[in-house]
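Database features, via TrEMBL:
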{"type": "DOMAIN", "residues": "27-107", "note": "domain 'G-protein coupled receptors family 2 profile 1'"}
{"type": "DOMAIN", "residues": "131-381", "note": "domain 'G-protein coupled receptors family 2 profile 2'"}
{"type": "TRANSMEM", "residues": "133-154", "note": "transmembrane segment"}
{"type": "TRANSMEM", "residues": "166-183", "note": "transmembrane segment"}
{"type": "TRANSMEM", "residues": "219-237", "note": "transmembrane segment"}
{"type": "TRANSMEM", "residues": "244-264", "note": "transmembrane segment"}
{"type": "TRANSMEM", "residues": "284-304", "note": "transmembrane segment"}
{"type": "TRANSMEM", "residues": "325-348", "note": "transmembrane segment"}
{"type": "TRANSMEM", "residues": "360-380", "note": "transmembrane segment"}
Amino acid sequence: LPFPRFKVQGTHPDCSIVLHFQELEAECLQRIRSERHSPGQAGQGCPTEWDGVSCWPALPLGQSRGVACPEILSVFKKSKGLIQRNCTEWGWSPPSPPYHSACQLETLGSSNDTEAKAHGTPGTRGHFVTMKVLYTCGYSTSLAALLLAIGIFCCFRKLHCTRNSIHIHFFTSFILRGTAVFIKDRVLFSDESIDHCTMSTVTCKAAIAFFQYSVLANFYWLLVEGLYLQTLLLLTFTCDRSYTWGYVLIGWGVPMFTVGVWVLTRLQYDNHGCWDDYSSVYWWVIKAPILLAIFVNFLIFLNVTRMLAQKIRCPDLSRTHKQQYMRLTKSTLLLIPLFGVHYVVFALFPEHVGVDARLYFELVLGSYQGFLVALLYCFLNGEVQAEIRRNWGTWQRSMESNVFNLATQDFTA
């Protein structure tokens with residue numbers, strides 16, 4: 001059986017577990033129906049049975065069969081336990097040892113319902129609850145840092161320039177991404193009585209579409225950061241304001257067009273669920289542009305590194321320009337591989353490889369990327385720090401002057 005896809009960018013991974021068990025159940029029930037309509041399959045013994053976790057093929061009376069723990073549960077416990085059942089005169093015997101013992105999981109519910117078996121397991125459920133708390137803290141921290149950074153860039157007039165304008169757009173894409181995560185969680189997981197793995201409403205589809213747009217915008221504004229840095233190095237004496245609308249078109253327009261095509265495609269050919277099924281072939285409508293942006297950014301990364309070495313060695317370049325290049329380059333060259341390498345690695349490797357690393361990197365560590373961006377482009381920026389110190393000094397002198405004037409007036413009065 002193919003291993004389930006653990007894409008975590010638009011859906012919680014516990015849904016993959018539920019859907020995986022549902023697929024196994026559907027295959028087992030199909031086998032049971034086929035055996036009922038096949039006269040040769042009838043006879044003494046135990047028929048094929050689905051016990052809520054595994055499918056037990058038909059077995060003659062007096063024999064036993066063993067199955068391994070479901071492979072998907074190895075995400076949480078590295079167990080290779082074996083469960084056995086005997087075919088007796090009274091039918092199938094209970095699993096021995098029980099699943100929770102053989103597979104090193106908490107006690108499963110007594111219900112035979114698939115979701116109760118897979119999704120309701122306290123051990124697996126607690127695993128994802130912990131990750132949800134971690135990435136909620138991460139996105140909250142990132143949102144606070146990004147809003148503060150945007151406020152700093154907007155408040156100080158001397159920081160108004162094309163470079164910082166691009167940074168503000170980049171920050172905004174992270175804010176949209178964090179907001180989309182909270183909206184998605186609210187729509188899909190606020191009501192525990194609703195099976196979010198099978199729900200199919202306009203609201204949940206809109207939430208997933210908005211999330212995909214924010215992710216695409218995130219990657220394309222990172223691409224714009226790389227393009228701007230390359231343009232700055234190539235066209236030193238060109239007014240960069242003439243490129244601003246082109247950057248906006250790439251950063252916001254391309255994701256809008258891509259998501260529009262994806263939405264129309266899903267509506268026409270694959271309109272089921274909440275559109276968070278990443279095993280669908282139409283997922284490549286979103287995935288391919290992201291991989292393209294990362295690939296172009298990687299080429300820019302190599303080209304900028306080459307050009308920067310040439311610029312720094314150039315004797316005709318002023319010290320001010322060298323410092324400007326170095327400040328921007330250090331931040332951008334760090335972000336390009338940081339944001340792109342992990343996505344390429346996870347996209348090219350099989351889905352069952354590095355599942356634990358994929359979950360924690362994309363869900364938990366990915367939530368702090370916005371904070372890192374604000375730190376590099378704003379809080380650690382020497383130009384920003386100098387402007388804040390200058391305005392702080394001006395404000396202090398103004399306050400001291402006001403206090404002195406008030407004291408003088410009281411004395412003369």
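Glycine is treated like the rest: Cβ placed from N, Cα and C.
Among the listed stretches 133-154, 166-183, 244-264, 284-304, the one sharing the most Cβ pairs under 8 Å with the transmembrane segment (360-380) is 133-154.
Scored on C-beta pairs under 8 angstroms, the neighbour of the transmembrane segment (219-237) with the top count among 133-154, 166-183, 244-264, 284-304 is 284-304. Restricting the average to the domain 'G-protein coupled receptors family 2 profile 2' (131-381) gives a pLDDT of 81. Cβ atoms under 8 Å from those of the transmembrane segment (166-183) belong to residues 135-136, 139-140, 142-143, 146-147, 149-150, 153-154, 207, 210-211, 213-215, 217-218, 220-222, 224-225, 228, 247-248, 251-252, 367, 369-370, 373-374, 377-378 of the same chain, restricted to positions at least 6 beyond its ends.
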